[in-house]
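Quick one: this structure, given as structure tokens, is what I'll be asking you about.
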Amino acid sequence: MGAGIRILAAFLAVLAAAAAGGVTAQLRQDYYAAVCPDLESIVRDAVSKKVQAQPVAVGATIRLFFHDCFVEGCDASVILVSTGNNTAEKDHPSNLSLAGDGFDTVIQAKAAVDAVPACTNQVSCADILALATRDVIALAGGPSYAVELGRLDGLVSMSTNVDGKLPPPSFNLDQLTSMFAVNNLSQADMIALSAAHTVGFGHCSTFADRIQPQKEDPTMNATYAVDLQAACPTGVDPNIALQLDPVTPQAFDNQYFVNLVNGRGLLTSDQVLYSDARSQPTVVAWAQNATDFELAFVDAITRLGRVGVKTDPSQGNIRRDCAFLN
């Protein structure tokens, strides 16, 4: 009887493990090998042209991928436009600052893929966004890595679904860690993915509370605070945005962590990674070792790409136009 119970328990454990990994097990690097064998080079060429024309597409595309995956999973639902009876994710206040060049990167890559007859309407927008994210990172000098494929495009995009799903710039370590944990991402994953702020921009409003005269955030480098006060004076145009990394703003590197050690994190949610003693050792380690950071980042963004993916036709499809449901 005891042996029978143990066998049953082992069987149930295997079933549970299979269920937990079922979705990601359906993602694979060669998913499109039979129908669109040149997919990756097609996307890479299109993304390269976009980045050459608009370098800001690097940070914009990475941020788009993150905002997509944390709301309804990595399903390109953030790209869908609002309709007369539905306000889509992209029009939620948290997404209004998503740069148009990120969306355009995906749209241009999708057009390039669909221009190849064998590939037309065979590749999801969600997978193109995942590939484009890898490509902009590599083009900016960051690591290139294998991308798991096989995501379907979501059928739902509602502004209300964004509520409470994206971390505001005011979050502390516990809040950041909890939000990432909901998406099966560890604190180390969160710290690694935060380094996407080695490229891109932050609007003055996202850090204005840190640079109030006579009320400057004590965790911020004093000289940096003065520079930011000059660039973002009281009453500044709300469209003004500053580079998140003031040292190597167009390079995807570990300078982000060096900046944090030096008190030059732009957002509260950046600098807290160093000022909080629990995460500080990781920040210091990656500031000193770019290779270790890149390995951790590739691991983390691969896990990010698995969040809430849809592989069942009842959950999604392959959109003909990334911005509209079929």
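The backbone N, Cα and C atoms fix where each Cβ goes, glycine too.
Note that TrEMBL annotation is computational and uncurated.
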Of the listed cysteines C119, C125, C204, which one does TrEMBL record as disulfide-linked to C322?
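TrEMBL says the disulfide from C322 goes to C125.
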Just checking the recorded positions G73, C74, C125, C204, C322: which sit within 10 A of H67 (active site, proton acceptor), CA to CA?
G73, C74
Taking the mean position of the Cβ atoms of D68, V71, G73, D75, S77, E89 as the Ca(2+) 1 site, which residues outside that list, in the same chain, have a Cβ no more than 8 Å away, listed in sequence order?
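Same chain, not in D68, V71, G73, D75, S77, E89, Cβ within 8 Å: H67, C69, F70, E72, C74, A76, V78, G154, S157, N161, G308.
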Are there recorded positions among S77, C125, H197 that sit within 10 Å of D245 (Ca(2+) 2 binding site), Cα to Cα? If so, list them; otherwise say none.
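H197, listed in sequence order.
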Just to verify a number: CA distance, D253 (Ca(2+) 2 binding site) to C36 (disulfide bond), in angstrom, no decimals.
32
Just to verify a number: CA distance, C204 (disulfide bond) to H197 (heme b binding site), in angstrom, no decimals.
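H197 (heme b binding site) has its Cα 15 Å from the Cα of C204 (disulfide bond).
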